[in-house]
Structure formats: structure tokens, C-alpha cells
Amino acid sequence: MSHYRSNVRDQVFNLFEVLGVDKALGHGEFSDVDVDTARDMLAEVSRLAEGPVAESFVEGDRNPPVFDPKTHSVMLPESFKKSVNAMLEAGWDKVGIDEALGGMPMPKAVVWALHEHILGANPAVWMYAGGAGFAQILYHLGTEEQKKWAVLAAERGWGSTMVLTEPDAGSDVGAARTKAVQQADGSWHIDGVKRFITSGDSGDLFENIFHLVLARPEGAGPGTKGLSLYFVPKFLFDVETGEPGERNGVFVTNVEHKMGLKVSATCELAFGQHGVPAKGWLVGEVHNGIAQMFEVIEQARMMVGTKAIATLSTGYLNALQYAKSRVQGADLTQMTDKTAPRVTITHHPDVRRSLMTQKAYAEGLRALYLYTATFQDAAVAEVVHGVDAKLAVKVNDLMLPVVKGVGSEQAYAKLTESLQTLGGSGFLQDYPIEQYIRDAKIDSLYEGTTAIQAQDFFFRKIVRDKGVALAHVSGQIQEFVDSGAGNGRLKTERALLAKALTDVQGMAAALTGYLMAAQQDVTSLYKVGLGSVRFLMSVGDLIIGWLLQRQAAVAVAALDAGATGDERSFYEGKVAVASFFAKNFLPLLTSTREVIETLDNDIMELDEAAF
């Protein structure tokens, strides 16, 4: 039986009952897509995920890739390669990709809903199968000649990587020392060592791999502004046919041994270190590497957040299934009666608290990433939110650190609740949750740690934006608070949401005050650093609380209209989880606000030896 538990019903509810993505279908760039098509695709990809994709999930963990230092190659488990090929052969990697690359137009919200299933069933499958998405980025950024290479890469199913990190340049990307030397034929020779490269090699899975590499051209300045982006293939190739030729000078020199996500080969790559030059080509023939790479980074951050959320969802659903069947103890109200019947653990208060917490974050975070995705297509953003393309970009930029940072942190934390639901059984490899936890920890680390996300969120997405995008989202929340949504059944919850909004606005004001005070005392910036992660997490809870209440309002209307059977249970669950979150989590923002408003620099002034 598959470990993966999907929730297509909740996706459909978000997309078409709450967000109104259906309004963007059947016309314009999405004229070939209707609601039935989208529903069918979600059902089909969930079946693929539960079957062929999930089949190698355990084996890939127990028998991870093997590195051969003599050939500088990585050998993947055969079962895992079958899972990757099942996704590629079905064409799911091309959904939402430009038609010029063999793709089909699809709103990003639907695309990410489809991706959720692959990421929840076997996340490394999605990572290895990302070549078409990277080819699209090259197609958008490249020269006319490079656009042809992108088409070849997509048509021939090449693998791909993003190559930023170095041993001494992790979060501090601007410290990168890998250099690029221009050649007479217009190509560049890349020289240096990169580390922590996902899918750096994959044996015979792909005929070729192209690396998008950040390197510093000879004579360029320091920091991120001195970096440029290069296209570096594993094999040089015929530019007309794509047929692979000579081996290029980029080789795997190590594969990391990791806590989780083991089947994803995390590689050290050496460029130009083995007697063969590593030939690369400047992407777009412009020296604008970090800005270009952010096209890749933003896609990666959305993926990481969705991966974390997908993992939490299947973790919760596994825990729920277990709790419904596990009989243990009597009802708490009969605890002194030794003859009382034994009950399933879903009858116990703390198990219910835990399950509802898992449900709140699994479904609230799903709503978060889908809401964010509706700003990733100008046409969808205009129809769904009434915003122009410029504001849509700003709101998407604002939300990405929330999806990635909050999604990764909350999913990892709440997966421990999923494991706890299973008791001692959860600690065993007989159940998938211990692997979920190991696989999910990386999500708060790569593609920018949570602290990096929080600083980006405050300094760039709020301060530099002058609060424009934040004001839009806050305005939507305030509009909901002021509405009569819920037909009289959500008054208490809306009042709690209003207080939470005020608290988050107070946090933003406090952090802004510390930033302004830094003009006279630069150490005031430390207070921003001390409060930024807590602020990001609080914004996440605020938005989750709001989106759950939006769902509850829709559910109340459906219940009032006479929903029956499973549908009635579904909608009742939506009302219950929104109320639970409002009453149990939103009030906690008040204390977080108090902490942020009274921050001091005591720990920054403490001697390091005292830690």
C-alpha cells in the first residue's frame, strides 16, 4: 500500500470554490483549459503519485545513490529511475511550460497543485525531473542561439541543476570565488569548486545535464554584483540536433551523506580541475548573474515551500488514518471505570488537539501556497484579485518568503505531532512519518535559511517596497474582517483575526522603528535581526488564520445550501478548523508583539565566551 495520501478535494475547494481560479479558465491564454480538465488532471497525477512515483520512496532512502570516484559518476537505484521516468513519460514536467518547449499553458495555481502530489509522494523525483522548468528559464533569459539550446534540452529530456554554493560561500553567495575566463570563440572556461548541488549527477538517467552556474568573470568586482550566470553542459553537444559529444570539464568529486532526502544526490562539482576545461556560455550575453539566477531561486523557493506543505499533508493524513483505527484506553470521562469500553484514540482530547493542529497547518499552508500562486500569472491575478501585473509581481515577491520560510518551519514542527499521534509506532520505519521528518528538515535550510527568508521579507519585500504589497494583503484581510462572511457564525473568529492583524501591524511598526533608529545607532539593526524570524512566522499565522476563515465562510454557505454526506463532513471540518485556529493560535500573536516591541541588545552585547 502506498505511503502517500493525497487531498485532491481540498485542492479543488481552494482553487474553484474559494480562490475563483475557474474565472481565468476557458478564455485568453488558458482557453484550452476548463474546470473539468483541471479536476481530471489533479485526479490523474494523484494516482500516478500514489502508485509509480511513491513506489521507490522507501528504497531510495534505504539504498541511496552510490558515488564512483573513478568515473566521477552517481548511480541511482533502478526503482527510483522508474519513478522519475513515470513522471516524465506522462508529461507532467511540461505542464505550465511554454508551448515552444513542448508544454501546455496552465495557471500557476493549478500547476503547483499538480506538483504538490509529486513532491508529497517522492520529492526527489520532482527535483530530478526539473529540466523542462530550467530550460524555460534559459529560454526566457538566453540569446536567440541559447533559446534553441533550451528547446533541445526540453525536447530531449535533459537534466539540470542550479549551481551557487561554494565551501566558503553558502548564505553569503557574494563570497563566491569560482571564476570565468573568456575565450576567443566567445565561450568561457569556468574554474572552481561548488558544493551542495542538488542532482549534480544522475548516472544514465539523462543523456545530458546542463548546469546554470554563478561564477565571477576575470576582473569583475566583489560581492553578488560581480557574479555572472553561465550555461555549462555535462557533455558538449551538436547545437543543431542536441546529440551529446565530448565530455565537458565538470565532474562530481563527492556526494554528501545526509540525514534525509537521501536519494537526491547532493554533489560537490569541480569545474576545470581535471585537465579538461569546463566550457560555459554567458546566459543572455549579459553580466547580470544574481538577478538572472533569482529566476531560478524564486522557482526553487516556491518548490521548497510546496514540498514541505505536501509532506505535512500526507503526514497528517497518515496520522489521522492510524488514530481512527488505534484502540487504546477508555474515554477520559470514564477513566476511573475499569470496565468502560476501550475507544479509538480519536476520542482522547490531546489527540484531537494534535490532529486539529496538523489539519489547520496542512490545509492552511496549502491555502497559502495556492493563494500565492494566483499572483504568478497576470491574467489570473487580474481576474481573481483585480490587480494589475505590476502589483501582482510585488505580492508574489512578498509571499514567497512566507511560503518557503513559514511552510518549511511549520511543516517540520507539525510533522512531529503526526509522529506523536502514532506513539512508539511512529518511531519505527514501518511507518513513513520518521522519513517524512528526516526528508523535511532540509526545507528550512536550503534555498535560503529561515533567517535569510525573514530578512529578505522585511528589508526587501516590505521596506524597499514601501509596504505596497503588504498593504494590499492587509487590505484584503481587513475587508474580510469588516464583512458579514459566515452568516453570523464567524463573528468571534473575525474579531480574533482583527486583533491578530493589529498585532502584526504593531510588530511591523516596531521593526521599522528599530531600522530608523539605526541611522543614529547602527546597533539598533540587531533588534531587527532578533525579531525578523518571529515576525515572519507571525505573518504566516495571520494569513493562515485569514485563509482558513475565508474557507469557513464558503463552507457555511454550502452547509446552509444543504450539503449532505461526505460533503457535509468536509464543510463542517472547514468551519471547525478555522474556529480552532482562530481561538488557539491567533491570540499567541499578542505576546509575540509584546516581545518584539520590547527587544533589547543584551544578548548581542554578551561576550561570546558566556554562551
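Don't overthink the numbers, they just go from 1 along the chain as shown.
Placed from the backbone N, Cα and C atoms, the Cβ positions cover glycine too.
Neighbour density for Glu447 (active site, proton acceptor): within 10 A of its CB lie 24 other CB atoms from the protein chains shown. In the three-state DSSP classification, Glu447 (active site, proton acceptor) falls within coil. Here Swiss-Prot flags Glu447 as active site, proton acceptor.
All chains included, 13 other C-beta atoms sit within 10 angstroms of the C-beta of Gly423 (FAD binding site). Marked as FAD binding site by Swiss-Prot: Met162, Val163, Leu164, Thr165, Ser171, Thr198, Arg326, Gln420, Thr421, Leu422, Gly423, Gly424, Thr449.
Annotation comment: Swiss-Prot describes Ser171, Thr224, Lys225, Arg301, Lys338, Glu447, Asp456, Arg460, Lys461 as 2,3-saturated acyl-CoA binding site.
With every protein chain in view, the residue among the binding-site residues Met162, Leu164 whose Cβ has the most Cβ partners within 10 Å turns out to be Leu164.
Counted within 10 Å of its Cβ, the other Cβ atoms near Asp456 (2,3-saturated acyl-CoA binding site) come to 21, all protein chains included. The binding-site residues examined here are Ser171, Thr421, Thr449; by Cβ neighbour count within 10 Å, the least packed of them is Ser171. The Cα atom of Ser171 (FAD binding site) lies nearest to that of Asp456, taking the binding-site residues Lys338, Asp456, Lys461 as the candidates.
When the recorded positions Thr421, Gly423, Glu447 are ranked by how far their Cα is from the Cα of Lys225 (2,3-saturated acyl-CoA binding site), Glu447 comes first. In this structure, the C-alpha atom of Arg326 (FAD binding site) lies 19 angstrom from that of Lys338 (2,3-saturated acyl-CoA binding site).
The number of other CB atoms found within 10 A of the CB of Arg326 (FAD binding site), across every protein chain shown, is 16.
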